[in-house]
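What follows is a single structure, written as structure tokens, with notes after it.
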Amino acid sequence: MLQFSTFLVLLYISISYVLPLYATSQPEGSKRDNPRTIKSRMQKLTIMLISNLFLVPFLQSQLSSTTSHISFKDAFLGLGIIPGYYAALPNPWQFSQFVKDLTKCVAMLLTLYCGPVLDFVLYHLLNPKSSILEDFYHEFLNIWSFRNFIFAPITEEIFYTSMLLTTYLNLIPHSQLSYQQLFWQPSLFFGLAHAHHAYEQLQEGSMTTVSILLTTCFQILYTTLFGGLTKFVFVRTGGNLWCCIILHALCNIMGFPGPSRLNLHFTVVDKKAGRISKLVSIWNKCYFALLVLGLISLKDTLQTLVGTPGYRITL
């Protein structure tokens, strides 16, 4: 059972990320994808982030029990924001292990997305009119991509993985904790935090109430599930926050797998017949098989590629 003071800290961390999104001076009705709105929100979230990097460790140090007291310094370092620093180890500076953990987590994600990754490669190899550099320019070099692929993964993982998990670990006796609690209770805070998008959609008036409700429920569900993944990674890698950030960023980039881009190009944009059409049809079947294979392999890759024995957070 959570102590009330611990619950208040967890609630504060969750709410403190959402509140700055609405504490803007933008005109009423300004949409979330308006560049001015994005800049204003990122500025205010940055201020809140810097404040919480000191406030949350301070609260943890003040509220931790006398039998398992944690200092402000240890609470701050335990957030995992310093690359290569493993706070729980006798020799905390382990940069080679840090790089190894990052590499293994990326390999795990590439296995999950093996279908879309191979489809991307084949599309650019077999379509002479395509340009990776042009795709990169249009996809990444703008403020929306900076928010989605860099700013959001960093800030959300610091708030909803690092700060929430370390609050559990530092304020609740480990004898009263289970890994299931660590993986799913903080993830629920992360999922519910996305409910505010329903308010934005209502303000825009572009969707029906039923559509907003269904979309919000689905968003809460998949963000809670994704939160469980990043909490698992944080624990298994001994508090390597940057593994969680990289995974979050890559998942935002990849998104939910859609139809094969190669198949769409050669069946809709530049329709081919004969042998090429048959080969594209075969690839399309292979693509969907790889999607299923990547999902099935996730359980095994999580166990084999995430973390190293001796570096994990133990209860």
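Every residue, even glycine, has its Cβ placed from backbone N, Cα and C.
What you are looking at is a predicted structure, and each value in this text was computed from that prediction instead of being measured.
Annotated features, as they stand in Swiss-Prot:
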ACT_SITE  E156  active site, proton donor/acceptor
ACT_SITE  H194  active site, proton donor/acceptor
SITE      H248  site 'Transition state stabilizer'
SITE      N252  site 'Transition state stabilizer'
TOPO_DOM  24-44  topological domain 'Cytoplasmic'
TOPO_DOM  66-74  topological domain 'Lumenal'
TOPO_DOM  96-105  topological domain 'Cytoplasmic'
TOPO_DOM  127-148  topological domain 'Lumenal'
TOPO_DOM  170-208  topological domain 'Cytoplasmic'
TOPO_DOM  230-237  topological domain 'Lumenal'
TOPO_DOM  259-275  topological domain 'Cytoplasmic'
TOPO_DOM  297-315  topological domain 'Lumenal'
TRANSMEM  4-23  transmembrane segment
TRANSMEM  45-65  transmembrane segment
TRANSMEM  75-95  transmembrane segment
TRANSMEM  106-126  transmembrane segment
TRANSMEM  149-169  transmembrane segment
TRANSMEM  209-229  transmembrane segment
TRANSMEM  238-258  transmembrane segment
TRANSMEM  276-296  transmembrane segment
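Distribution of Swiss-Prot features across the structure.
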residue: E156; record: active site, proton donor/acceptor; Cβ contacts under 8 Å, 6 or more apart: Y17, F190, H248
residue: H194; record: active site, proton donor/acceptor; Cβ contacts under 8 Å, 6 or more apart: T216, Q219, I220, T223
residue: N252; record: site 'Transition state stabilizer'; Cβ contacts under 8 Å, 6 or more apart: N148, F149, A152, P153
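Here the topological domain 'Lumenal' (127-148) has Cβ contacts under 8 Å with residues 33, 35, 38-39, 42, 252, 262, 265, 270 of the same chain, all six or more residues outside its ends. H248 (site 'Transition state stabilizer') counts 23 other C-beta atoms within 10 Å of its own C-beta, drawing on all protein chains shown.
Across the topological domain 'Lumenal' (230-237), DSSP classifies residues as 7 helix, 0 strand, 1 coil. A Cβ distance under 8 Å defines the sequence-distant neighbours of the topological domain 'Cytoplasmic' (96-105), meaning residues of its chain 6+ beyond its ends; these are 83-84, 86, 233, 237, 240, 242-243, 246-247, 305-308, 311.
Of the Cβ pairs linking the transmembrane segment (276-296) with the transmembrane segment (149-169) and spaced 6 or more residues apart, fewer than 3 are under 8 Å, so the two regions do not touch. In summary, the transmembrane segment (75-95) lies against the transmembrane segment (149-169): three or more C-beta pairs, each 6 or more positions apart in sequence, are under 8 Å. Beyond its flanks by at least six residues, the transmembrane segment (106-126) meets 132, 246-247, 250-251, 254, 257, 260-262, 265, 283, 287-291, 293-295, 297-298, 301-302, 305-306 of its own chain at Cβ-Cβ distances under 8 Å. Long-range contacts of the transmembrane segment (149-169) within its own chain (CB-CB distance under 8 A, at least 6 residues past either end) are made by residues 6, 9-10, 13-14, 16-17, 42, 45-46, 49, 52-53, 56, 60, 75, 78-81, 140, 177, 181-182, 185-186, 189-190, 193, 227, 230-231, 234-235, 239, 241, 244-246, 248-249, 252-253, 313.
Residues 2-3, 5-6, 9-11, 13-14, 17-18, 21-22, 29, 31-32, 60, 63-65, 68, 70, 75, 78, 156, 160-161, 164, 215-216, 219-221, 223-228, 231-232, 235, 315 of the same chain lie 6 or more positions beyond the ends of the topological domain 'Cytoplasmic' (170-208) yet place their CB under 8 Å from a CB of it.
Long-range Cβ contacts of the topological domain 'Lumenal' (297-315) within its own chain (Cβ-Cβ under 8 Å, at least 6 residues beyond either end) map to 86, 88-89, 94, 97, 100-101, 104-105, 107-108, 111-112, 169, 174-175, 177-179, 182, 229, 232-239, 243.
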